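*Asks:* Please see the structure below; I have some questions.
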């Protein structure tokens, strides 16, 4: 079995797969290293043969997690590293090491699945878009605040905006103009995300016409499904690229 980890700024997404055929044994999202070890340890018949990690954390934080994983499960984690070129994709950043590893691996995974030009829209803490040409050239992308950041900024800097997560969820049953603060904030943020997605689609069409594949990934991908009905929703797109960057079989 292989433990795969996607370590973001706020959460760790994890899954355990069979080494032979990549069948998913279990998975989840946690908010701390300790919670990760506890959750993975509850899997029945757990026998890890390896671990691979993609991380946007600092080197020190990533190293600490690798040590913890090694102590808990007796495996040596492999951490994905930036590359100028891999699996037919050429990193488009002027300094290739500065491209976030989550974006790089999502680009690898998307190009592998699309076998041609593709647009990746990743909606998590940040909203990100990346363009990969039919020849594998990464053309660059965009980053802006995602739903969690927009929401937290409004809550933090506007004293009268206070509501809980349950209220936020109820507010998203419609996108009609809000008749309460929670509805106005939540629906406004969703419309901004949808506008972001539509703009990326326009950009992609200006580059490739209709000859491209759209991928939606990240926890808030369902919120923009309406804006990109032709998109393929691939929640584990980063893990597709991670397996390519860190083969363990």
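A Cβ is built for glycine as well, from the same backbone N, Cα and C atoms used for every other residue.
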*Asks:* Which of these, 67, 125, 156, does Swiss-Prot list as part of the ATP site with 6, 7, 8, 9, 10, 11, 12, 13?
*Replies:* 125
*Asks:* Helix, strand or coil: which one is residue 101 (substrate binding site) in, per DSSP?
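*Replies:* Its secondary structure by DSSP: helix.
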*Asks:* Given the binding-site residues 101, 102, 103, 181, state which is nearest to residue 12 (ATP binding site) when distance is taken between Cα atoms.
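*Replies:* Looking at Cα distances from residue 12 (ATP binding site), the smallest one goes to 102.
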*Asks:* Could you tell me which of these binding-site residues, 125, 181, has the fewest other Cβ atoms within 10 Å of its Cβ?
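*Replies:* If we count Cβ atoms within 10 Å for the binding-site residues 125, 181, the smallest count is at 181.
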*Asks:* To which of the binding-site residues 10, 102, 103 does the lowest count of other Cβ atoms within 10 Å belong?
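*Replies:* Ranked by other Cβ atoms within 10 Å, the binding-site residues 10, 102, 103 bottom out at 10.
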*Asks:* Do any residues at least six apart in sequence from residue 122 (K(+) binding site), in the same chain, have a Cβ closer than 8 Å to its Cβ, and if so which, in order?
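*Replies:* Those within reach of residue 122 (K(+) binding site), by Cβ under 8 Å and sequence separation of 6 or more, are 102, 103, 106, 128, 129, 130, 217, 218, 237.
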*Asks:* Out of 12, 101, which has the highest number of nearby Cβ atoms, where nearby means within 10 Å of its Cβ, if these are the binding-site residues?
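*Replies:* Buried the deepest by this measure is 101.
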